[in-house]
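> From TrEMBL, for reference:
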- Ser9, Phe10, His17, Gly88, Leu89, Arg90, Glu98, Val122, Gly123, His124, Leu125, Ser126, Ser127, Ser128: ATP binding site (BINDING)
- Ser9, Lys41, Leu73, Lys87: substrate binding site (BINDING)
- 5-132: domain 'Cytidyltransferase-like' (DOMAIN)
- His17: site 'Transition state stabilizer' (SITE)
Amino acid sequence: MRRAVCPGSFDPVTNGHVDVVSRAAALYDELVVAVLVNPGKAGLFTVDERIALLRDALVDVPNVVVDSFQGLLVDYCRSNDIPVIVKGLRAVSDFEYELQMAQMNRELAGVETLFVPTAPQVGHLSSSLVKQIATFGGDVSGLVPKAVHERLTAHREQGT
Ligand code: PNS
């Protein structure tokens, strides 16, 4: 079975993530979307909330599995027998750091990285920009899945 992992913080999932994950899922038998558990950095959403929002957003992509991981990504790949990491590239500015990580992950564990260029319509999206816009009452309804929009609105109304 051909498997790959698409890792990230997903705080929260955006339409850009959905684009990359859905297109990458078509290339593999199973695509694992793995949410990084980072004890040193509290996000807006808990890891459990991020996982639930990802599952909801990707419900129509049958070969996607959503999971979480802590520590090195290559250790997660080794433990789960996953030989490929999938990363979305929005712009040249993403490339330098992503290339460095791809080379390091290959050196550490022989894990390859596949870069998927995002669709141009979502190339400007990032979770942090979405959060910033939503915090100040901007309209993000066209940038994130419906459930994420609802949760962001709830956060703003609660002042969190
Ligand atoms: O969505 P993000 O925050 O850009 O995702 C970054 C992520 C989770 C892919 C990256 O930080 C990562 O792989 N973290 C796990 C720790 C690790 O393996 N570090 C070494 C990378 S060479």
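Glycine too: its Cβ is placed from the backbone N, Cα and C atoms.
Automated prediction, rather than curation, is the source of TrEMBL annotations.
Walk me through the surroundings of each of these features.
Taking Cβ-Cβ distances under 8 Å and a sequence gap of 6 or more within the same chain, the neighbours of Gly123 (ATP binding site) are Gly16, Arg90, Ala91.
Taken residue by residue with DSSP, Lys87 (substrate binding site) is part of a strand. The Cβ of Lys87 (substrate binding site) has Cys6, Val20, Glu98, Met101, Ala102, Thr113, Leu114, Phe115, Val116 as same-chain neighbours under 8 Å, each 6 or more residues away in sequence.
Regional average pLDDT for the domain 'Cytidyltransferase-like' (5-132) in the model is 97.
His17 (ATP binding site) carries a helical DSSP state (H, G or I). Long-range Cβ contacts of His17 (ATP binding site) within its own chain (separation 6+, distance under 8 Å): Gly8, Phe10, Leu54, Ala57, Gly88.
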> Fewest other C-beta atoms within 10 angstroms of its own C-beta: which of the binding-site residues Leu89, Leu125 fits that?
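With the binding-site residues Leu89, Leu125, fewest surrounding Cβ atoms within 10 Å: Leu89.
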> Which whole number of Å gives the largest C-alpha distance between any two of Ser9, Phe10, His17, Gly88, Leu89, Arg90, Glu98, Val122, Gly123, His124, Leu125, Ser126, Ser127, Ser128, the residues noted as binding ATP?
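Looking at Ser9, Phe10, His17, Gly88, Leu89, Arg90, Glu98, Val122, Gly123, His124, Leu125, Ser126, Ser127, Ser128 as a set, their Cα atoms extend up to 18 Å apart.
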> State the count of C-beta atoms found within 10 angstroms of the C-beta of Ser127 (ATP binding site), not counting that atom itself.
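Cβ-Cβ neighbours of Ser127 (ATP binding site) within 10 Å number 23.
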> Within its own chain, what residues at least 6 apart in sequence put their Cβ under 8 Å from the Cβ of Ser9 (ATP binding site), listed in sequence order?
Val35, Leu36, Asn38, Gly43, Arg50, Ser127
